[in-house]
């Protein structure tokens, strides 16, 4: 069945906005500008402020939900039910996980390459699978266990590529290792978030845009308030601002004033996460969760290719091998081999229900992509 123009538009929107989301965050990190009080030129390293911006983008999904609800007010068959019972506090625990995981990933993005950042996020499969067995009572089939093992192997190869790559003065080997480990740690938290959402949220049949928007609201408010104590908490060498504190939002705004292109990068990050979530949800609804997963894998290729073209990182053949192994692991875990085996076995009907399964991130993406 050929795709309609609308489906092609959604697929393109998801691919483009998902790529912009990671690349714009890395672009902002690469800028150098003076800070407040005439401080010397330094890198724009404000991961927690960037996380606040990401949650602002997710929060905008709530506005999109209410617009859809107003438009569908007179439609009895609409999926946006005005009378749907809803307790926003259900989203507080997942939002706290989202806030922690997102902040860790933005910190890690300052330390490692955009392509490694995107590839290592595939580790979420490992922890989601293990946690779903432990806390949701789910039984994984052989192909899912093989997918987890392949994902572990892929992560090792990608990490090895980072170790063997040439490192400039901006990204020392110790920083790259720390950044990669932070990304893995963040995926543990993201996996906890997904398990919490499945156990306590999905059974209430909350509209995905409302779910994303509500978590964005909690994350935006809580992390914005935390910026105040972060301004005073010393962080030593871990800090990227002149004052040596955990976060210096005032320094960030001064840098934006000195270099307006930083604002362009931040706006790109904020707007892209909103459109990416909308496009991802729509792709799952209009096409399938499998299609969404394939597009997310293509996004990694786009990010890697553009990072090479822009000179942000050096080419390393091991990254290709690592990405292919990660792709195989993701495909095995999510059952993409079943349609292929169905076609190979003559006359055997394809299992269409596998297309409709909610895969990892099937209803939302936690960082930049997600998630």
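Cβ atoms are placed via backbone N, Cα and C, with glycine included.
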Which listed span Swiss-Prot calls transmembrane segment, if the choices are 117-137, 348-368: 117-137
Candidate annotated in Swiss-Prot as N-linked glycosylation site, out of 110, 269: 110
Which range of 48-68, 237-257 is transmembrane segment, per Swiss-Prot: 48-68
The transmembrane segment (216-236) vs the transmembrane segment (295-312): 3 or more CB pairs under 8 Å: no
Intrachain residues whose Cβ lies under 8 Å of the transmembrane segment (261-281), provided they are six or more past its termini: 10-11, 13-14, 17-18, 20-21, 24-25, 27-28, 31, 33, 44, 50, 53-54, 56-58, 60-61, 64, 208-209, 212, 255, 292, 296, 361, 363-365, 368-370
Positions on the same chain near the transmembrane segment (317-336), where near means CB under 8 A and six or more residues out: 115-116, 119, 122, 125, 129, 143-144, 146-158, 160-161, 164, 289-290, 293-294, 297, 300-301, 304, 354, 357, 359-360
For the domain 'EamA' (104-160), the number of residues DSSP places in helix, strand and coil: 47 helix, 0 strand, 10 coil
